[in-house]
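Inspection log for the structure reproduced underneath, given as structure tokens.
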Protein chains: 2
Amino acid sequence: MVSTRPVRFTTLSRDPATSARVGRLETPHGALETPAFMPVGTQATVKGLTPDLVRESGTRMLLANTYHLALRPGEETVRALGGLHAFMGWDGPILTDSGGFQVFSMADRSKITDRGVSFRSHLDGRLLELTPERAVAIQEALGPDVAMCLDHCPALPASREDIAAAVDRTIAWAGRCKRAHSRPDQSLFGIVQGGSVADLRGRCAEALVAMDFDGYAVGGVSVGESREEVRKALEVTTHLLPADRPRYLMGVGRPQDILAAVATGIDLFDCVLPTRNGRNATCFTARGPVKLRNAAHARDPGPIEEGCPCLACRRFSRAYLRHLFNAREMLGPILATIHNLTYLHRLTAAIREAIRAGRLVQLHREVLEALGP
Amino acid sequence: MVSTRPVRFTTLSRDPATSARVGRLETPHGALETPAFMPVGTQATVKGLTPDLVRESGTRMLLANTYHLALRPGEETVRALGGLHAFMGWDGPILTDSGGFQVFSMADRSKITDRGVSFRSHLDGRLLELTPERAVAIQEALGPDVAMCLDHCPALPASREDIAAAVDRTIAWAGRCKRAHSRPDQSLFGIVQGGSVADLRGRCAEALVAMDFDGYAVGGVSVGESREEVRKALEVTTHLLPADRPRYLMGVGRPQDILAAVATGIDLFDCVLPTRNGRNATCFTARGPVKLRNAAHARDPGPIEEGCPCLACRRFSRAYLRHLFNAREMLGPILATIHNLTYLHRLTAAIREAIRAGRLVQLHREVLEALGP
């Protein structure tokens, strides 16, 4: 039976020693192989990069922020301009978050009830409300390939009682999002909450799976807990999620964390790390971060990373990049962002190759050894 | 007799009704046709653009600032990295100014004597000196195709006495620059000063021509005087300059001013206007400036300018560009800069075509009519 879902996932290869898999994700705007990293284009632009530069860095799918775009320019403006793809000139797949995370972290004085979240805009203090139905309506107006359910992500540490309440609300809201969602060319993913509490993660996952979403995200990770807790939360969650749906770990982008999560069966990642670090002159390399502002690079003719095929490494020296950052020139953040995205896309490509070759554990060990302590 | 000058100029076509000409400028880093506009890459980068985007906008030759680069990263650093072309990843022709203009306009407490200018760095207050010999030495270290003599550019209005003194000093310094200059793969241009005083412009031009420079610039224009005074200064100057050398009008980039100057026989232009205006959301169009922040563009699906082949106009709406500027996203300045450079390069291409067709006066009238009041 051929799936009629707008986003379809096929497993192409499995790692024998872990739960990792190579998959193919088909969307209305093209297909990509997973595990894959999605750069964050918060305000309908990956900061500083033209869409061509985003694509040249290896990006196949990217993320935009519902909260930011609903406030400015407004989802009806984006709809009037033909939707997010046309608006931002990106014809590849797009996923939008639900806006919930920003409402909890950025908006002033947000107040949560079973109905939804009321909050004040961080831009102009307007009083606004985000309900599950409204989160879906905004995302249907924006028009990404994948929309996300509104969830309740509690800050950790939190009591079991608070986490359980957030799980109940997340489950209830997921049901309301599913009923509200009507756009046939858009997929809707559910988000599993539950903090670091195994049975709450399990309850949330099972309830969402029963609702039959097009894909599942693991949310509420990297919000204050230890790496060991993250690993546990992932392990108890992913094996409850159906193998024929994509699994997306929200907000994780450190190379070591991506490798660990892939081993538990995660397919998709997003994080501001490569773009934000790039703007701050910090670059990923196989041997750990390089800080371009360091005086050691003042006359260094070498690239950020030997062998990297990105524009920054092919054409420019560390000395020039350091100069650009010292002189507060835009081209510094632009080139460092290009490098960091290229690094993560090369890492996920190496991960896919390792899974196919049955040597993910070995790759994981090699990467950690090269990165150092 | 074949010229052994590192930069050679050949006239390809003359306009019958004006002094305008189409020329070919050959440099160690390639040839270009004139009249041409050179974008300003103050700190060894055209702000926000990769070298590929600079070239795609139609740029063939660009300018970098001696003052800024001597202060940061220092000319010896640029030399150690292989010179400006390698440093900034631009393999086309480069011209550097002498640094004099920035010393007069940006440095703190500059003090001028016949020996040179002593000044305090605008970055850290260091006390430094710029002499004609030092200006040449810095530019030989930077390694552009064309270096400029150190000149004395008085702010206007100024007394005839002050302008005459600046002319005398400019002539004396030009002689010292010529004697100091030794790099065989680099041309040195003289700069004609003299404010709006015809006989002082004449005296300066004749003295410099007698020194036999590879090209000549008209300096001290657009520093406070009226457009009518600029036109007069140009007319009395350019016809004294040898026809077989390129003529460069410094710091002029308004479309109407470029057209007027071309008619007097100017070949090269530079100006921060397209890049600075672009960063401020103001775009050149044939019908006059478009301010992208205006609310009128909030849902405008059209490009900055219909028919413009630039990346910004091909792929993005005014509505999206307005959003980028409102959201303070780097991509706004980047795209507006690309458009403005493309506009000026298309204008100079149209000027060259009009000269070849003997219809420059007609083009001038058409452009002014379309621009409006």
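Just so it is clear, glycine is given a Cβ too, placed from its N, Cα and C backbone atoms.
Here the structure is a predicted model, which means the values were calculated and not measured.
Look at TrEMBL and you will find A:1-30 tagged as region 'Disordered'. Here the region 'Disordered' (A:1-30) is broken down by DSSP into helix, strand and coil counts: 0 helix, 15 strand, 15 coil.
If you look up TrEMBL, you'll see A:19-370 marked as domain 'tRNA-guanine(15) transglycosylase-like'.
TrEMBL lists A:Asp97 with the feature active site, proton acceptor. Of all Cβ atoms in the protein chains displayed, 30 besides its own lie within 10 Å of the Cβ of A:Asp97 (active site, proton acceptor).
Summarising the annotation, TrEMBL assigns substrate binding site to A:Asp97, A:Ser98, A:Gly99, A:Gly100, A:Phe101, A:Asp151, A:Gln193, A:Gly220. Its Cβ taken as reference, A:Phe101 (substrate binding site) is surrounded by 22 other Cβ atoms within 10 Å in the chains shown.
Within the same chain, residues at least six positions away from A:Asp270 (active site, nucleophile) with a Cβ under 8 Å of its Cβ are A:Phe37, A:Met38, A:Pro39, A:Val40, A:Leu63, A:Leu95, A:Tyr248, A:Met250, A:Gly251, A:Gly253. Per TrEMBL, the feature active site, nucleophile maps to A:Asp270.
For A:Cys308, A:Cys310, A:Cys313, A:His339, the entry in TrEMBL reads Zn(2+) binding site. For A:Cys308 (Zn(2+) binding site), the number of other Cβ atoms no farther than 10 Å from its own Cβ, over all displayed protein chains, is 19.
Counting every protein chain shown, 28 other Cβ atoms lie within 10 Å of the Cβ of A:His339 (Zn(2+) binding site). Residue annotation for substrate gives A:Asp97, A:Ser98, A:Gly99, A:Gly100, A:Phe101, A:Asp151, A:Gln193, A:Gly220. The furthest Cα pair among them is separated by 15 Å. Listed in sequence order, the residues A:Pro303, A:Ile304, A:Glu305, A:Pro309, A:Leu311, A:Ala312, A:Arg314, A:Ile338, A:Thr342, A:Tyr343 complete the 8 Å Cβ shell around the Zn(2+) site centroid, once A:Cys308, A:Cys310, A:Cys313, A:His339 themselves are left out. Those residues of the chain, other than A:Asp97, A:Ser98, A:Gly99, A:Gly100, A:Phe101, A:Asp151, A:Gln193, A:Gly220, with a C-beta within 8 angstroms of the mean position of the substrate site C-beta atoms are A:Phe104, A:Met148, A:Cys149, A:Leu150, A:His152, A:Cys153, A:Ile191, A:Gly219, A:Met250. A straight line from the CA of A:Phe101 (substrate binding site) to the CA of A:Cys310 (Zn(2+) binding site) spans 32 Å. Sequence-distant neighbours of A:Gly100 (substrate binding site) (same chain, 6+ residues apart, CB-CB distance under 8 A): A:Val117, A:Leu130, A:Ala135, A:Leu150, A:Asp151, A:His152, A:Cys153. Non-local contacts of A:Cys313 (Zn(2+) binding site) by the CB criterion (under 8 A, 6+ apart in sequence, same chain) comprise A:Pro303, A:Ile304, A:Glu305, A:Glu306, A:Gly307, A:His339, A:Thr342.
For the pair A:Ser98 (substrate binding site) and A:Cys310 (Zn(2+) binding site), the C-alpha distance works out to 32 angstrom.
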